[in-house]
Amino acid sequence: MLVPEFLRSIQKIYLSSTGGQLLGSLGALVVLAGIVVLINRAGKPLKRRYSSRLTEALQAGVVAVCVVGTVYWLMVVWRVVPAIGLVFDALSVNRWTGARLLLIAGVIVMAYLLIRLLNRSIDRLAEEYGAITDHQSEVAYHIADVGVAVAALFVVLAIWGIELSRLFLSAGALGAVIGLAARETIGSVTAGFVLLFSRPFHVGDWIAVGEYEGIVREVTIVNTEIRTFNDEHVLVPNDQITSEPLVNLSENNRLRVDTEIGIDYATDLDDVVALTEETMAEMDEPRSVPSPQAVLKEFDESSIVLEARFWIDDPSSRRVWGAKSAFIQAIKGAFDREGISIAYPQRVLAARDEGGEVGPHAEHGSLSPATDGGE
């Protein structure tokens, strides 16, 4: 019986007329509205005592039950419950089928609550403990949602008696076909999970991978977006990032800036090294620790190469080029004051005279214009 005996008595006594039915319907709607208002007001104190997601789930469940009860009451008021019974009979919904439907509804509700609980736990890991980044939280949301949804789907299929072994065989064959057709995409997705958990860089870091160098703007499961210093936005597949050498220039929060200077062979090298280190120490950009260094690097064709090294904080392309420009201006001024010349390639041309002697050692002690073959 879809209508209990006490509700039948209420129908006969109070709901036998149209006016009684209207009052009964209006009263039910007013009660429903009052319950909804009370639930909303009770939300804030419940959220302070319990988690917000648990409170929202509880509110949604209570509202759903109240709505279902109100709809059933309206059906009783307007005497349409027997019609619903006829519909169930026409659809041949027996007790076993009804039990299955109720069980499936319970599985769906449990899956929903589990998803909310997992998402709340992920939020707590990100906000309270700082164990994962915002991007990793978003990815973890999707993984948790998909995992719970797939598990719930398997349970529902098992309830309906569908053999999962055949389903797995079909899914395996389909997966093999898809894997052959989209192996590069699958490789990028796999690499995306590797980047997610290994965390070699974060959004905002300055990285160099392959031929690309720039600031990381976004990391997805498939690719990584980099903004180059030419203001180009490059999407690099994640499998390329994991297969090539990666340089994270922001990892240590400091970076060494190197500048090479050509020193004339006739210059006193000790004075040049001391003056270069003193100039770097007086600048604002370099760090005091590690201390700036001036290193004699190698012999060049027309100069001795001196490499000036200093470290800067919070490295970025703008700070690197700004510090290098400031150093070049400072060292040029210091060299000019001390009379130190910066070497540059020079070439002396001398012509042969008729006797075959060259330049100043010729018989007349003068140079003549050069000609092919000395003629």
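Cβ from N, Cα, C; glycine included.
A TrEMBL annotation is a machine prediction, not a hand-curated record.
Record features (TrEMBL):
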type	residues	note
TRANSMEM	20-39	transmembrane segment
TRANSMEM	60-81	transmembrane segment
TRANSMEM	101-118	transmembrane segment
TRANSMEM	139-162	transmembrane segment
DOMAIN	185-250	domain 'Mechanosensitive ion channel MscS'
DOMAIN	257-342	domain 'Mechanosensitive ion channel MscS C-terminal'
REGION	353-375	region 'Disordered'
COMPBIAS	353-364	compositional bias 'Basic and acidic residues'
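Same-chain neighbours of the transmembrane segment (101-118): 53-54, 56-57, 61, 93, 144-145, 148-149, 151-152, 155-156, 159, counting only residues six or more beyond its ends whose CB sits under 8 Å from a CB of the stretch. Panel annotation: around the transmembrane segment (139-162), residues 100, 103-104, 107-108, 110-111, 114-115, 118-119, 122, 132, 196, 221 of the same chain, lying at least six beyond its termini, place a Cβ under 8 Å from a Cβ of the stretch. Long-range contacts of the transmembrane segment (20-39) within its own chain (CB-CB distance under 8 A, at least 6 residues past either end) are made by residues 14, 59, 62-63, 66-67, 70, 73-74, 77-78. Tertiary proximity for the transmembrane segment (60-81) is limited to same-chain residues at least six positions away from its ends with a CB under 8 Å from its CB atoms, namely 2-3, 7, 10-11, 15, 21, 24-25, 28-29, 31-32, 35-36, 39, 109. Residue counts of the domain 'Mechanosensitive ion channel MscS' (185-250) by helix, strand and coil are 20 helix, 26 strand, 20 coil (DSSP-based). Secondary structure counts, DSSP: the domain 'Mechanosensitive ion channel MscS C-terminal' (257-342) has 36 helix, 25 strand, 25 coil. On the 0 to 100 pLDDT scale, the domain 'Mechanosensitive ion channel MscS' (185-250) averages 83 in the predicted structure.
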